[in-house]
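The structure under discussion appears below in the form of structure tokens.
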Amino acid sequence: MVAAHTSSHSSESAEWIVCLDKRPAERSGEDIDIILARLKNVKAFERFHPSLMQQICLCGFYECLEKGITLFRQGDIGTCWYAVLSGSLDVKVSETSRYQDAVTICTLGTGTAFGESILDNTPRHATIVTREFSELLRVEQKEFRSLWEKFHYCMAGLLAPPYGVMDSSCGSDRMPEKESLFVSVSKDPNKSFIESPSKLQPKFTSQVLSERILHAGKVLRNTILSGAPHMIRDRKYHLKTYRQCCVGTELVDWQMQQSASVHSRIQAVGMWQVLLEEGVLNHVDRDTSFQDKYIFYRFLDDEQEDAPVLSQEERRENQEELQDTLLFLSQIGPDALMRMILKKPHSERSAEELEIIYEELLHIKALSHLSTTVKRELAGVLIFESHAKAGTVFVTFRSAQGVVCTLHEGDDFGKLALVNDAPRAASIILREDNCHFLTVDKEDFNRILRDVEANTVRLKEHDQDVLVLEKSLNSGQNSIHGSSVSHYKYNIMSGTPEKILEHLLEMMRLDSQLTESDSALDDFVLMHCVFIPNSQLCPVLRSHYQAQALQGSEQEKLDYTLNSKRRVICLVMKWAAVHGEQLQQENRAFLEELLRAASDDAKVLPALRDQLTQLERIVKNNAEDLKSSQKKRKILLRQFSTGDEKPQKRQPIKGDDEILLKVYCCDHTYTTIRVPVAASVREVIDAVADKLGSVEDLILVGLSSAGEKTIFKPSDVSVFSTLSINGRLFACQRDQLDLLTPLPEQDGPISGSLTSFELMSSKDVAYHMTSYDWELFHCVHELELVYHTFGRQYVKKTTVNLDLFLRRFNEIQFWVITEVCLCSQLNKRVQLLKKFIKIAAQCKEYKNLNTFFAIIMGLSNPAVSRLSQTWEKLPSKFKKFYGEFENLMDPSRNHRAYRLTVSKLEPPIIPFMPLMIKDMTFTHEGNKTFIDSLVNFEKMRMIAKTVKLVRYCRSQIFSPDSPLAGKHHPDVWTYVRQLHIIDNQRTLTQLSHGLEPRRS
């Protein structure tokens, strides 16, 4: 299950943990499926064969450790292998073998695995200590050795410990290909290396991949011969005849006409490049890059003089396989395209190709702190290198005491030697075959460093930096009398909040022309709550409004005063427009104060009158909003989707709206309290205590239908919106925590809604779902995305509208799974699959990508995907649609397929919100908010870019014509707003096994 939003609290009673705590012999098939659903997303396991994963689920054990616990010490003989499920652990190495002398050489994060030394009983090479509360999967030595003997062909090279050396005999049977890309070394000291996060290697073993690519080439060639035989023919060029050739542009044109999964010409080029790399398609002059030009290419089969003639049966089979073939090539094509671009000389890379490289660099951990300008510079000079043979088992640094560190995907090395012009301080040895990485020549590296420093402007006060600007060439150039004049712009990189604001005000254009500084001003208005809250911003704006020139002529002083006031008023209007109803009482008072001052100043400065009219309108609207909210404060019910309230059109929920909460006790009795939406847990507990009488030491607990408990902190706010779909709030004393059990109503329905659901047209359901989702999406305030990213406790704000929209994503997933698992008849289940695929297709047409993804992810849940008998009976037409939809969900290359699709859409769009949250979280966690006590404004700009994308998606209102209702259809409008679901994965898995028991 892909969750759009999860609680940050760990739960020791999670269902998968309970399953792992059982003895292996006692684990049922349902237990294995529940464990598998949790482990399949762990990075350490993502390349494991399903059979191997089943065995790990059968023999693994759960282990949780508090901070500061030593798992094992350097020199110990190992007994277990481990994978990190959550948390992090420090790797410490000592030259003297005394623990007191140990130094931390690296940290193991979520998704890493370690402990392979148990294969040959070599001593542990390091001490492992938990850095924080951590959850591990443990496999005992006996079981691990058994797994190795049975699955070594797919485990070798995939189990990559972060330290230590394993006997090389253990790796003799390793796979020649691996998804993770490790750093490889060149003896040339004049290069810096950046490990690529892109999975530039194919996703399959080389032998299997080559066979599939060879078959793919045959399918494409034969399909062309069947449908467009004129494309493969003898051609003359410059008095020379080239037999049985195709033209590059015609191949791209043909491929784009064949499948919706091919979104652009550059994508098609990548797909043909796959065939070119494998020799299935060849340039007539043996060039290694496929080009979308009038250039001749020949299929491998056409190299022969007597190519066989196709039979009708072969033609039919090739036509049937075409879509699957194109889907396969679209999955591995981006890797081939990236390899091709990076192998080109710098001067031959097109603007589109440079943009592709730049997009990849955005997701390299080692480069996350660099500015946009530097990343674009790197895109032009990076070189792709591939080394086929391993020097030793692992990629490691070696020093006098042996292995000291391991480089992982996204790491870089070599900077210090280049910066200091010094010899390499360590040897880098390839751990395995086929390592891919990116390199930067010393000359380019130093040039970029020089350019960065030369184009960095630092403003200092008292010998301290207060503002750092980056000078870059403006993309716009003016032509004067036929000559081109270059213009430069200065981007804010970092600074104190006050200096950033001062610079933005100085650079603000007071005419209607949009400039770079205006974009930065929008970023400031969106993001300022992170580094200068409104309570501090308003006094600073007030001082700028009142600023007076200290020197110059009277006219110059007057102009300075006028422009200062106009700029502040302009910024305040942007600020009020973004914050809207989220403005607090003190902020409204500042607006009214500014209006009074502007009214007085307009009497002596007539140029202020135009802005004064706009400012009056804003203040008036805010006052009316405040009066309206005070008169009619909404009373909301706890349950938003399960029938406790009458369905109605969604309106944004404000922090001061009130909510009626049912808070349950251990005996399932409950008390109803009325608190503000933004109430803290402490306030909720006080309200409960008042109702129950004086009860000491109460805690507030979120209890899911699976029995998972989340203990909320007293400072947490709006916790009701973070509960799982069927979750409930319980109040109890700490010693009663183990007595809490889910309510019967949390189990969800015992029968599906097929009787009514099958009467509804798919288009009707998709329309009303999109209409409702649009209401939820439109209620989300832009600033909630910022609060969610940085932590609402940090900014002391609620994100309830965003929480509910994210919860809707999970609700739709579970709805799909619930309906399928509650349908006992095989033929009816097949009809359900068809209906959900049709609804997904219609949602895609409505540009509701959030629900589209939720439905497809629901169908891919283990409880549904394991129903082989059901899927076997699904018509091939629907299997094809589902395959295309899955391709759109392909997470490789940072969801490139999805991003390409979205880039072509016009608003209104409901985007895949969990991915947008992921983008902002990646930017937040990969970049410091403050650098040397200065605000990292580059980080603010990157996060604001995603927020502005949400703004773009909502720039038009969703208003298509409603489809005609069917003759017998029930109230679809109500149905989609009150989905009844089971959100307990264990229950769904048991239902699934009841429908189709596991085959022996």
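Count begins at 1; order follows the chain as displayed.
Glycine residues also receive a Cβ, built from the backbone N, Cα and C atoms like all the rest.
As annotated by TrEMBL, domain 'Cyclic nucleotide-binding' applies to 44-147, 391-449. TrEMBL lists 226-301 with the feature domain 'DEP'. What TrEMBL records for 488-623 is domain 'N-terminal Ras-GEF'. The feature domain 'Ras-associating' is assigned by TrEMBL to 657-693. Under the heading domain 'Ras-GEF', TrEMBL lists 761-998.
The domain 'N-terminal Ras-GEF' (488-623) shares the most Cβ pairs under 8 Å with 761-998, out of the stretches 44-147, 226-301, 657-693, 761-998. Counting C-beta pairs under 8 angstroms (sequence separation of 6 or more), the domain 'Ras-GEF' (761-998) reaches the domain 'DEP' (226-301) with 3 or more such pairs. Across all of the domain 'Cyclic nucleotide-binding' (44-147), the predicted model scores a mean pLDDT of 81. Each residue in the domain 'DEP' (226-301) gets a DSSP state, and the totals come to 31 helix, 20 strand, 25 coil. Counting residues of the domain 'Cyclic nucleotide-binding' (44-147) by DSSP class, helix then strand then coil, yields 26 helix, 41 strand, 37 coil.
In terms of DSSP secondary structure, the domain 'Ras-associating' (657-693) contains 12 helix, 15 strand, 10 coil.
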